[in-house]
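Below is one structure, written out as structure tokens; the observations come after it.
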Amino acid sequence: VRVCTYACGCTYHPRRVDSRTIYVGHRSSSTNEAFIPPKFCDNRIVSSKYTVWNFLPKNLFEQFRRIANFYFLIIFLVQVIVDTPTSPVTSGLPLFFVITVTAIKQGYEDWLRHKADNEVNKYPVTVLEQGRRIRKESEKIKVGDVVEVEEDVTFPCDLILLQSSRDDDTCFVTTASLDGESNHKTHYTVPDTEKDLETLNATIECEQPQPDLYKFVGRMHIYKNDQEPAVRSLGPENLLLKGATLKNTQRICGVAIYTGMETKMALNYQGKSQKRSAVEKSINAFLLVYLCILVSKALVCTTLKYVWQGKPGQDEPWYNEKTQREKDTNLYLKMFTDFLSFMVLFNFIIPVSMYVTVEMQKFLGSFFITWDKDFFDPEIKEGALVNTSDLNEELGQVEYVFTDKTGTLTQNNMEFIECCIDGFQYKYRDASSDLDGFCVTDGPLNKVQEKAGREELFLRALCLCHTVQVKESSEQGQGQRDQVDGFGLDGEVLPPLREQRGFIASSPDEVALVKGAMRFGFTFLGLESKNMKILTRNNDIEMYELLHVLNFDPVRRRMSVIVRSKSGDTLLFCKGADSSIFPRVRQEEEGYRTLCVAYKNLSAEDYAQADAGLMEARLALQDREQKLMAVYNQVETGMSLIGATAVEDRLQEEAAETMEALQGAGIKVWVLTGDKMETAKSTCYACRLFQRNTELLELTVRTLEDGGRRREERLHELLLEYHKKAVQDAPTWSSANQDYGFIIDGATLSMVLNSSSESNSSRYKNLFLQICQNCTSVLCCRMAPLQKAQIVKMVKNSKGSPITLSIGDGANDVSMILEAHVGIGIKGKEGRQAVRNSDYAIPKLKHLKKLLLAHGHLYYVRIAHLVQYFFYKNLCFILPQFLYQFFCGYSQQPLYDAAYLTMYNICFTSMPILAYSLLEQHICIEVLLDNAALYRDIAKNGMLRWRPFLYWTLLGVFHGLLFFFGVRFLFSNPALQDNGQVFGNWSYGTIVFTVLVFTVTLKLALDTRHWTWINHFVIWGSLLFYVFFSFFWGGIIWPFLKQQRLYFVFANMLSSVSAWLVIILLILLSLLPEILLVVFHKPRGPRQVELRHIHTFPLYFTHSFSPRFIYLFHFLTVLPLFSLWFWSSLMEPIFNIFIRGI
């Protein structure tokens, strides 16, 4: 659909059209028509989620979508509407606390977004209007404004480059904040534009905004003195994107075409899909169990209440006669009301405060990764980065690691090693060798000299076929290293002219090849006014006119240039992957990146045809890429192969040790790369992913063609053969199993995943997956970015839903990083797009070892203990309340005071577990790093399975029964005070609550193995706060309370010796079984027993204690039992007789 343009000059959009028309400088193309500029969105950027007006309703709506929050809201409303035994404050205050803390956190984060938006929107920019330079705020830029941008300034919107201060009408840009590419990119002005932009009369017709950063289609109509308008094509090379930064260019001018939320940067701004950890799923499952327990308790109490009241005289005793209204109430309505009342009474078994504690633990815990000094890299002067804190514990559950090769396992620091010209291999040794650094390894010297013409043609191709820009030493400032890509010559022995050159390129491969040609005597001097200059080994300067650049793309896997020499010859030089240029190039098993070089002489007719085809394709608004691709493929045919180059990419620091540690931790490593198989295989051997005794199972195009049968038949045959060898015949009982490695390429993977038959495709996929899962390592080569994501998704969705992690450093790794459960970006040389889309970012691959084996291990143990502990302490809290109903006629009488109900989870028991979940180190970090096998014992969510959950639940039941019946045993004594009075029901509940608070807190203290001053402060401080609060709450008559149940109860309780003794004995008895279990349990190994306790029992530090301390510990655990027996059998009868005598 074309834009409908009326005489008034405005554009009418009946629906979403495919293109828009922009008037440069808001000047109409016709002087006879009134000009009304079309309306487009302003230049404001809005990344915030809330405003002042909608924050409260929107945030509350989002929070109450969580099941736990909504459940407590219902409970609170029930307490307000129905006559329940507890005050609405008991549910409302904790809910208010959780909602408030979460709202403050989210509000603060949104305030930061508002602040960042204002910094961008209020940034001053220069706009050219009517010959004047006017300063404006960025948000006031309109589509059609001509904007001036100076060096090192970020572009305020998407611009079409009209004018540059450079003589060659180019500018350099870095787009690190957009696509992650930190190297310089070259952009070009629109040809034939006026030098004086005030007199420029032009319109731009371009596509509507779309998010692809690398695609742009448009054309400019330039009007001059009633002549036919000149039409110039516009492409990505003319487009300056918002967020990119101008480099090495003093000033540019451009016209705004996309503004505000229509810029490509804004269209690419989208929140990553929410990833949920396995811990969250376990919490939901446990919550469902406890919800069933809650409903069961309420049903049991409601049923027993009406059974009990059905007995004669129990329903309406003489001291509690019913009112007429109660008698008239419907029985079923009353039963439902009683059920709701019991639900309210027992609702604290659901730990609503656990959610806010977990969020705080994740948020605060993520700072430990950021603060870790071992993650700091002095080369880039940066440390680790945490983009999301929701997956900290998932780092301790990883089962599969999918890694890129180039830039992740290797340094992405390319070095020219050797080349092959017409079948002869050359290596560079030093400048004094034959032929300016050539070292011939194949063939006699005279034959090499005979082929000097071919060698020079090869070196000219390396000097001309690229997009490298030269940066002179005067532009570099101090030092010889480029400020962006860092490619200098690093002290190489070269002539002064060559020594002072740096290079700007979007790929380190191109710089390595240009520097390789430089070593052999051919130096690229730069591009001036469409002329490429090279310095030959004879110090002659040659000029070549650059006619066309056929850009590299991942589909063609090659790039070409068309140049014209001084003699008038038109040449096409092409370089690319061996598979895309000449698959039969001689290949060495050195593991180098092989790039083939070819050329073609173009006749005048051939060039004219190619030039016309390229011009027509570049002016097309529809299907421009497909048309360009067709012309490229037509031109790049019939070429002659000159030779091949080998570029070496060295391993990352400690890459082999890191991979070895991951495999020792039980993690399977898959390498997903776009490189050829020989290169990737060599890297896997160097990283120790493949060992010498590893049997490689290869499933590539080469193996499919070996049998001389149809590919699909051969594929099926090989899959069955490998499945029998790696899966069916693999002994599961032997520790000396044969290690298998699996290799597959992209073409074969497409056949596996996209077979012609759906049944075959599913079968192939299952066989392939089973084979890979039984191999120690898997190598996938020649992978497209989409295939990487498909591999990750296939493993992630396989049986058992294993936790996956993807790590990479380039834009081609983003898809697999987003697909995996945990995505990690490397702050490498391929930019920062992987870092921006990752969950965590680290400077080097070696840091992955500590991130998983230490931080991940500890985070998982901490949060698993936090979750189990929360359910345990709430069960201890509510079980006595449930048991109390059997002794109060199911009257819904609360056991605890409302203040205790409210403050138990908020104040009395919250801080110790938060400190534990942040600081605990059950095993020191050095031991975790030295013993990678420790990681296996917590794998597959080991601490949050049903067995540990059942243990914690039974422990809570045991403690709850002990609290209730232990205190009831005390109350069997009729005289507990010095004055002979007996305690009341609130004293009973206060003693139970005191034992409860001290027991659950000391239980956590026993579980703590890494003590800091913070642990001491919060544990003992929480107990002191409880005592102080109880005295303070019960020692003052509060005027705002209608009834004060605890007035002087706590102080009166502590005046009884019996109460003191029972409190101490019950605390010791509660903790005694666990203490005895650990003390008497004989370890079979120094570490095995520690990890056995991780799975089922809490962690203690007994193995580091001396035998003398153990004996003392035994004595202290037996003493309470003897004291209880002595008191109950001897002292209590004597004490009772003495009291009666008085």
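Any Cβ shown, glycine's included, is placed from N, Cα and C.
As written in TrEMBL, here are the features:
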type	residues	note
ACT_SITE	Asp404	active site, 4-aspartylphosphate intermediate
BINDING	Asp404, Lys405, Thr406, Glu510, Phe552, Lys575, Arg593, Thr673, Gly674, Asp675, Arg782, Lys788, Asn812, Asp813	ATP binding site
BINDING	Asp404, Thr406, Asp809, Asp813	Mg(2+) binding site
DOMAIN	33-91	domain 'P-type ATPase N-terminal'
DOMAIN	123-208	domain 'P-type ATPase A'
DOMAIN	835-1081	domain 'P-type ATPase C-terminal'
TRANSMEM	64-82	transmembrane segment
TRANSMEM	285-308	transmembrane segment
TRANSMEM	339-358	transmembrane segment
TRANSMEM	949-971	transmembrane segment
TRANSMEM	986-1005	transmembrane segment
TRANSMEM	1017-1038	transmembrane segment
TRANSMEM	1109-1127	transmembrane segment
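Every protein chain considered, the tally of other Cβ atoms within 10 Å of the Cβ of Asp813 (Mg(2+) binding site) stands at 33. Within 10 Å of the C-beta atom of Arg782 (ATP binding site) sit 22 other C-beta atoms, taking all shown protein chains into account.
Summarised by DSSP class, the composition of the domain 'P-type ATPase N-terminal' (33-91) is 28 helix, 0 strand, 31 coil. For the binding-site residues Thr406, Gly674, Asp809, Asn812, the greatest number of Cβ atoms within 10 Å around a candidate Cβ is found at Asp809. Confidence in the domain 'P-type ATPase N-terminal' (33-91), given as mean pLDDT, stands at 79. Packing against the transmembrane segment (285-308) from elsewhere in the chain are residues 67-68, 71, 314, 335, 338-339, 342-343, 346-347, 349-350, 867, 871, 874-875, 878, 882, 885-886, 889-890, 949: each is 6 or more residues past its ends and has a CB under 8 Å from a CB in it. Relative to the transmembrane segment (339-358), the listed stretch 64-82 leads the set 64-82, 949-971, 986-1005 in CB pairs under 8 A. Taking Cβ pairs closer than 8 Å, the transmembrane segment (949-971) reaches residues 286, 289, 868-869, 871-876, 878-880, 883-884, 887, 982-983, 988, 991-992, 995-996, 999-1000, 1058-1059, 1062, 1065-1066, 1069-1070, 1073-1074, 1096-1097 in its own chain, all 6 or more past its ends.
Through the fold, the transmembrane segment (986-1005) approaches residues 869, 872-873, 876-877, 880, 884, 894-897, 900, 904, 908-909, 912-913, 916, 959, 963-964, 966-968, 970-971, 1019, 1022-1023, 1026, 1030, 1045-1046, 1049-1050, 1052-1053, 1059, 1062-1063, 1066-1067, 1070-1071, 1074, 1098 of its own chain, all at least 6 residues removed from its boundaries and within a Cβ separation under 8 Å. Across the domain 'P-type ATPase A' (123-208), DSSP classifies residues as 6 helix, 45 strand, 35 coil.
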